[in-house]
Amino acid sequence: MDLYEYQAKELFGRHGIPVPAGRTAATPAEAREIAAGLGAPVVIKAQVKTGGRGKAGGIRPAAGPVAAEAEADRVIGMDIKGHIARRVLVEAATVPFEEYYAAFLVDRAEGGFLAMVSSQGGMEIEELAATDPDALVKLPIDPVTGVDADTAKLLAAKAGLPEQAAPVLEKLWRVLVAEDALLVEVNPLICTTDQRIVALDGKVTLDDNAAFRHGWDDYGERTDSLEDRARAKGLNYVKLDGTVGVIGNGAGLVMSTLDVVAGAGAGPANFLDIGGGASAQVMADGLEIILADPDVRSVLVNVFGGITACDAVANGIVTALELLGERGHRRPIVVRLDGNNAEVGRRILSDARHPAVRQVATMDGAAEMAARLAAGA
Amino acid sequence: MAIFLTKDSRVLVQGMTGAEGTRHTARMLAAGTDIVAGVTPGKGGRCVDFGEREVPVFGSVAEAVSETGADVSVIFVPPRFTAAAVEEAVQAEVPLCVVITEGVPVHDAVRFRALANGRTRIIGPNCPGLISPGQSSAGIIPADITSAGRIGLVSKSGTLTYQLMYELRDLGFSTAVGIGGDPVIGTTHIDCLRAFQDDPGTDAIVMIGEIGGDAEERAAAYIAANVTKPVVAYVAGFTAPEGKTMGHAGAIVSGSSGTAQAKKEALEAVGVRVGRTPSETARLMRSVLSRAAT
């Protein structure tokens, strides 16, 4: 889970990392009020979970409360690469004397932790890595001993950061560990004219698997989107922009199904993994979410019967369609069952004679039929 | 022959007395696995009756190992207890530890991976385990969808493993390893490729990858330098949008990195044939094997 900048800075503040004074506003009037309270020039920053805000005009200086209101009015509602800025962070303007880059992250390739620090901050890190790779210091971190004061000093010195940056690096590492983060990144980390180190921006990705150790419900944004409705039912669902609704068991098989549907010339409308068990209730919940999507013109159910054999899966589908009643009749549902007891499963489905259901024995053939049906042929 | 797991493997199950542990222990026994012990802290001293065999339960892994000579542990404990369970297996010097549990925090995986370094091979977490058909099964891979044979398989995905095992069931497998779809895992594609290359019982290898990270690209480089046996591959997730996690915690395209297209190109660049669908991948394996036979 990615955090907004303001949430990342709240975390930084809790761990003793200096951040500019500021608060979030959802309306221009609120922005004016916050700016008045800060009593100095401010910066209005769009809160979106994507990079390139500055270039898109989502970060604007304002000399005082009146300007803050006007600028917030411009930024709130702005679409930055498909992300709508619903809030702005109103922050005391802080002038950098120097700009650095600092990050700690999980290194997938090595299965460990990695520090990345540079004295050249402010630009996109991919750009820095490409244009001036020597300016980016990368240091693997021992997962057992971590980053102590000495390691932090070494990091700062290697990257050419001033000495007073070392304690901030050490605290940033603590954020990664204490918060179960996959990434903590500050770009830019700045040194002010009066030699203070301040985190001017913040990006934090938390590990959803570690939620049981933390009170992360605060970060959940509740909306009425299909994705959130699916999540509330414990389903693994991602909305896509095509017309073939897809359900399958197992993340890899579902990803593969999306690709095969695309190969058959149609766009998948979603990713939905109902897991290995594929029980009737989970199948019904899954079909309900998919059929609630107005973009869906046909549905492809792709199940491989392994531990749960196909006869149990077929009974699950029949029960699920009974639970759905009329709603299950409106769009064609192509089912492909394969694996253990596939023939028995297929017979159960054909005996049920549901008007919307048709069966195809292979994954490739089923995807072709679902694609054809979505195209209205 | 097989890799990592053979008919001589003596398997203990951590979390055997839980619902999932009990259910899958019965399945592993039915697949021919020599299950010698269960471990549940605080429940040592009793036995669980699986019909064909009574399996003793121990309070610690160390005790189970010294009493039974177990050399493989399969872990079915909930995520919050998984790190402690793996650490216990590592400290008891169990050579192979298979972590089935889904939802293990990444920091825990990083730490137990570092702890195990060189002492214990960890497979997973969030994986279906491994099976050497006709010999032994450590995990949840269905034993009745395929037969023993000479194909090796390594995969990030459980159900795609089953799909390929089923499509190639007449040819059969030496060992199929599900390495798991988490961002940090104990055993990689490369570890399995190395073992299959060295295994006299394996003639050809199926490798299944998916979006996220660069494990497939690294595997491609490894194949070019070290693998002489034929390899066919499949990669899932061409249609996955950037920035969305597709079911597996590690299955995410970040910016322009981790795409299925890049993985496919890296593999094809070193001569690995990559199927467009699981079925086409199975057909490629058949043609590779029939060419090798002539």
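Placed from the backbone N, Cα and C atoms, the Cβ positions cover glycine too.
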- Checking TrEMBL, the member of B:LYS43, B:LYS156 that binds CoA with B:THR17, B:GLY18, B:ALA19, B:GLU20, B:ILE100, B:THR101, B:GLU102 is B:LYS43
- Item | Fewest Cβ neighbours within 10 Å, where candidates are the binding-site residues B:THR17, B:THR101 | B:THR17
- Query: Cα of B:GLU20 (CoA binding site) to Cα of B:TYR162 (substrate binding site): how many Å, rounded?
  - Reply: 19
- Measuring Cα to Cα, how many angstrom lie between B:TYR162 (substrate binding site) and B:ILE100 (CoA binding site)? 16
- Which ones, out of the recorded positions B:LYS43, B:ILE100, B:HIS248, lie near enough to chain A that their C-beta is under 8 angstroms from one of its C-beta atoms? B:HIS248
- Note on the structure: One residue among the binding-site residues B:ALA19, B:TYR162 has the fewest other C-beta atoms within 10 A of its C-beta, namely B:ALA19
- Length of the line joining the Cα atoms of B:GLY18 (CoA binding site) and B:HIS248 (active site, tele-phosphohistidine intermediate), in Å: 24
- Query: B:THR101 (CoA binding site) to B:HIS248 (active site, tele-phosphohistidine intermediate): how many Å between their Cα atoms?
  - Reply: 13
- Message: If you count, for each of the binding-site residues B:GLU20, B:GLU102, the other Cβ atoms lying within 10 Å of its Cβ, which residue has the minimum?
- Response: B:GLU20
